[in-house]
Amino acid sequence: MSGFAFDLTATDGAARTGIISTPRGQIRTPAFMPVGTAATVKAMLPGSVRETGADILLGNTYHLMLRPGAERIARLGGLHRFMNWDGPILTDSGGFQVMSLAGLRKLTEAGVTFASHIDGSRHLLSPETSMEIQRLLGSDIVMAFDECPALPATEDAVAASMRLSMRWAQRSRDAFGDRPGHALFGIMQGGVSPDLRAESAAALTAIGFDGYAIGGLAVGEGQEAMLGVLDYAPGLLPQDKPRYLMGVGKPDDIVGAVQRGVDMMDCVLPSRSGRTGQAWTRRGQVNLRNARHADDPRPLDKDCGCPACRGYSRAYLHHVVRAGEMIAGMLLTWHNLHYYQQLMAGLRAAIAAGRLGDFADDFHALRAEGDIAPI
Ligand SMILES: [Zn+2]
């Protein structure tokens, strides 16, 4: 693929750091991708998202195809121009959200027909339509169309679903074609079964993708089960391609995944939490709604460089959260995204310096101390 490349610059145990190069800019890995579901990272301007340190955003195919529609976005110059973000964009395939959000779904070998959760209109998502929609959006990193079994599921059901996803992966590859500067990632499935994960990895590698996602995790299986799969799953994938863990996660999930060889992650958590008065800090989670902050003149985190921490007290943040003011979601989303990107920068530097173990120990120790004592 001309114009899309991945260069590993250092490793520390299973962990890796490197650079993904795209025509729209570089992505430093391990990378955290803020989620811009409806062509916006809620409560943030694109320039603000960039200032937090994000190199790439995620867009949701399912939402964008229904509203405002992929053809309309294409007519208006593509998703980058439409939402005023000129960096790389990864779009998901729509497969996960059609199973979790849409009504009246019918799954066949061809794909999934469903009713829009917005207006009830009927649509088909298939490997071919997903590739076409992601092409219309102008996505830099396109995800293969896959199926996610609803959990809990028997091993037979997980196996059948994984094999369907592998047939769809081949159809996605065929439909994607040759698009220089754009990448197509395959998605490994197989639940918590090492044998099925290995079968899936072998099938994807035989097809050949520009990167590989680990799917079917962070769907309610719990951190222990997820990290158990990550103890072996990344090692089943090619060393020289990016590995993307979809939908993860909490800060300690991210550290655990990076230690096990994951290069890219995304999650709505930092932005969604910011709109409900929840902050993520080096000392863990802080609920600004709590009355203990009402008279506290100190910043949320005195060592954080974000606008919420530089310019405002905990008392102010508490007040605007309680009052339902829009600035509450703006400030806390900015802080949370800034914290996540600081965490990623710290992980990258620690891997490069060969001291990821010490970094992880310090990370867990400070969280174990908990938030600063009330005044
Ligand atoms: Zn901050």
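Glycine residues also receive a Cβ, built from the backbone N, Cα and C atoms like all the rest.
Now, the feature entries from TrEMBL:
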ACT_SITE  Asp92  active site, proton acceptor
ACT_SITE  Asp266  active site, nucleophile
BINDING   Asp92, Ser93, Gly94, Gly95, Phe96, Asp146, Gln189, Gly216  substrate binding site
BINDING   Cys304, Cys306, Cys309, His335  Zn(2+) binding site
DOMAIN    14-366  domain 'tRNA-guanine(15) transglycosylase-like'
REGION    247-253  region 'RNA binding'
Legend entry - Cβ-centroid neighbourhood (8 Å) of the Zn(2+) site, Cys304, Cys306, Cys309, His335 excluded: Pro299, Leu300, Asp301, Gly305, Pro307, Ala308, Arg310, Trp334, His338, Tyr339
Inset, instruction - Tally every other Cβ atom lying within 10 Å of the Cβ atom of His335 (Zn(2+) binding site). - result: 28
Inset, instruction - List the binding-site residues Ser93, Gly95, Gly216, Cys309 whose Cβ sits under 6 Å from any atom of ligand 1, in sequence order. - result: Cys309
Legend entry - Packing count at Phe96 (substrate binding site) (other Cβ atoms within 10 Å of its Cβ): 22
Inset, instruction - Find the shortest Cα-Cα separation between Asp146 (substrate binding site) and the recorded positions Asp266, Cys304, Cys306, Cys309, His335, and name the residue that gives it. - result: Asp266
Inset, instruction - Give the distance between the Cα atoms of Gly216 (substrate binding site) and His335 (Zn(2+) binding site), rounded to the nearest whole Å. - result: 29
Inset, instruction - Pick the one among the binding-site residues Cys304, Cys306, Cys309 whose Cβ has the fewest other Cβ atoms within 10 Å in this structure. - result: Cys304
Legend entry - Under 8 Å by Cβ from Gly94 (substrate binding site), counting only residues of that chain that are 6 or more apart: Asn60, Thr61, Tyr62, Met65, Leu125, Ser130, Ile133, Phe145
Legend entry - Count of other CB atoms lying within 10 Å of the CB belonging to Asp266 (active site, nucleophile): 22
Inset, instruction - Could you name the residues, excluding Asp92, Ser93, Gly94, Gly95, Phe96, Asp146, Gln189, Gly216, of the same chain that surround the substrate site, i.e. Cβ within 8 Å of the Cβ centre of those residues, in sequence order? - result: Met143, Ala144, Phe145, Glu147, Cys148, Ser165, Ile187, Gly215, Met246
Inset, instruction - With DSSP as the yardstick, break the region 'RNA binding' (247-253) down into helix, strand and coil residue counts. - result: 3 helix, 0 strand, 4 coil
Legend entry - Closest of Gln189, Asp266, Cys306, Cys309, His335 to Asp92 (active site, proton acceptor), Cα positions, recorded positions only: Asp266
